[in-house]
């Protein structure tokens, strides 16, 4: 039976010498194999089609930077003014900067753990296998794969929904009384995405993700310029920056904002992105992170500051909606808003493709045969069928639940926070075993404790908002609930 785990060589905190950690989640589940057989399986793991076809290791560090940027920088940056609204200028910018620093550090730690395992003779290419091998527990494997699947399916579904909403916005402007409904545009987006999903590997998305990086610069500049124009006009929108007078409301809003920030900065697929690097991968992901976070700094801070400055605590959950109020004229030129919507639409397709790769890797691992060619009839038929079915299911959920944007905070609290804030520091402390009184170890423990608390409280705050907005929810509605 093929192995799903790894064999990193970890430094023992007690002896300082290398110790072999062996893990095979499938063997644990079946209770099969002797210790010698187990070790032999680890030394020569059988290749699988998911690794060979979807996570092929051919990329450069800048390709990984493109992938990572697409996974992090998306239209969710347009929610950042709303996140500042929940905390105000001082605390909001401090939280934005803190999450910026902590996520960069956490992703760097994941890369270090991956490099450490590769240097010891075992390269991990899947988050679930890395976490289970380092932490040595079968349940970790299933927790990570479950959370990853929820995140990736959720982001793909949300991308389809928001892309369809972009088409509907353009259509409504051109034909205000036209017959097409939201679900028609969801079908259009799903057809395009199903076609693009036949690109066989993560590496084959590198040019698309370079385009995504450029798109993120373009629409954040346009939106920020529109906010500055609106705020500096002779008749600016009414605004103030005060927070709620209720202490409980203020606390819930602050933690909801932090959950939004966790979602915006999160990705949950860094090991799969590092897997696309041509070996040896050591050190390359750090360069990719620097490239990505240079883009993050510009595309996050610019719209966050300009949007909150222009609209204050009246800013909507998506700053574009503040520029296009339901009553009164638009606060930006029509061409600028139209171009922004088109750019957002195009990037949403790239984001959906990136977050679908983990699902496609799992499908290919179990359905394809690595002994046959990638484009052989044996492998092409199941690939087309399964990927098309996956997109169709996501599209159906998007059509049935057009209030998907309202659970971004929940996803951040229960999905991105464990994978992007907690697991990285735990894995680093376990795999590289820094001294327990060292600054690195203590900082990692502090991050784990703080963000565990943030995740719990953020989840409560996010669920509370869902409950308050429940009256707006309607299955197969023609309107997206924010």
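The backbone N, Cα and C atoms fix where each Cβ goes, and this holds for glycine too.
Record note: among 182-201, 362-381, 182-201 is the stretch given as transmembrane segment by TrEMBL. Among the recorded stretches 290-311, 331-355, 440-463, the one sharing the largest number of Cβ pairs closer than 8 Å with the transmembrane segment (182-201) is 331-355. Taking residue pairs at least 6 apart in sequence, the transmembrane segment (331-355) and the transmembrane segment (89-110) share fewer than three C-beta contacts under 8 angstroms. Cβ atoms under 8 Å from those of the transmembrane segment (213-232) belong to residues 66, 69-70, 73-75, 77-78, 81, 239, 295, 298-299, 302-303, 306-307, 309-311, 319-320, 323, 331-333, 336-337, 339-340, 343-344, 346-347, 350 of the same chain, restricted to positions at least 6 beyond its ends.
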